[in-house]
Amino acid sequence: MDLSGVKKKSLLGVKENNKKSSTRAPSPTKRKDRSDEKSKDRSKDKGATKESSEKDRGRDKTRKRRSASSGSSSTRSRSSSTSSSGSSTSTGSSSGSSSSSASSRSGSSSTSRSSSSSSSSGSPSPSRRRHDNRRRSRSKSKPPKRDEKERKRRSPSPKPTKVHIGRLTRNVTKDHIMEIFSTYGKIKMIDMPVERMHPHLSKGYAYVEFENPDEAEKALKHMDGGQIDGQEITATAVLAPWPRPPPRRFSPPRRMLPPLPMWRRSPPRMRRRSRSPRRRSPARRRSRSPGRRRHRSRSSSNSSR
């Protein structure tokens, strides 16, 4: 009994030792597997951390870009607002040195532009003034130039030297007129028309021609409304007739041709008459013959039907 108990105890001790050894020292294969798993886990953790860090970096970059773009747009809007405020109100002061310098520049530029615009609107530039003055001077100088040209073209009207004397009595003769009008100047010619039936009687008017136009004017002043043989007369100046241009010779119309002689007219007419019936006769015969045949054929076909 004691031996069996000792054996049991020894077996139990061996089992416990085996258990302890199994728990204390694992096998080398298990150790390798565990080390591989740990290394894999570590590599996975590292990859995940790298990916997360890269993602974080990308997010940070995008955030920085957005913030930079928003900041630049905000700075642009601020600078534009400050410049507009500076141009509209030059007395307003800005907080920053950069904004103050920008506003002062924009204000100065706006003031210079406004001053230039006001000066341009109020008083035109010298070049515009010159242009306007040239236009005005040209427009003003055009009509007198035209008048001068017209005056140059029109020759000065000659002063009259001939005087018409009317309402004369039949007792007045050329000698009487010569005596009266010779007191005002030298007379070149006296024309006193006479009646055909009674050549010793005048028609009641006369023409007196002086050598100088001044003498003719004197005679007009003194004798217009004067009396000769107890009757008032009229004295008027006679203007010299304008020299008429010679009449133009009208050229004969080109369409009208000179008539042909008789010996040329007759042969072509005879030839035309002789040729025309010869040409027409065969054409008429040809045109009639097929018509008759067709008419006959149609009538025959109708009768057969």
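Positions of Cβ are set from backbone N, Cα and C atoms, glycine also.
As written in Swiss-Prot, here are the features:
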type: COMPBIAS; residues: 1-10; note: compositional bias 'Basic residues'
type: REGION; residues: 1-170; note: region 'Disordered'
type: CROSSLNK; residues: Lys7; note: SUMO2 cross-link
type: CROSSLNK; residues: Lys15; note: SUMO2 cross-link
type: MOD_RES; residues: Ser53; note: phosphoserine
type: COMPBIAS; residues: 68-126; note: compositional bias 'Low complexity'
type: REGION; residues: 69-121; note: region 'Necessary for interactions with UPF2 and UPF3B and UPF2-dependent NMD'
type: COMPBIAS; residues: 127-143; note: compositional bias 'Basic residues'
type: COMPBIAS; residues: 151-167; note: compositional bias 'Basic residues'
type: MOD_RES; residues: Ser155; note: phosphoserine
type: MOD_RES; residues: Ser157; note: phosphoserine
type: DOMAIN; residues: 161-240; note: domain 'RRM'
type: MOD_RES; residues: Lys218; note: N6-acetyllysine
type: REGION; residues: 240-305; note: region 'Disordered'
type: COMPBIAS; residues: 242-261; note: compositional bias 'Pro residues'
type: COMPBIAS; residues: 266-298; note: compositional bias 'Basic residues'
Between the residue listed as 'N6-acetyllysine' and Ser157 (phosphoserine), the C-alpha gap once rounded to whole angstrom: 19
Protein Cβ atoms within 10 Å of Lys218 (N6-acetyllysine), excluding its own: 16
Close in space, distant in sequence - Ser157 (phosphoserine), Cβ under 8 Å, 6 or more apart: Leu239
Tally of residues which DSSP labels helix, strand or coil - the domain 'RRM' (161-240): 19 helix, 26 strand, 35 coil
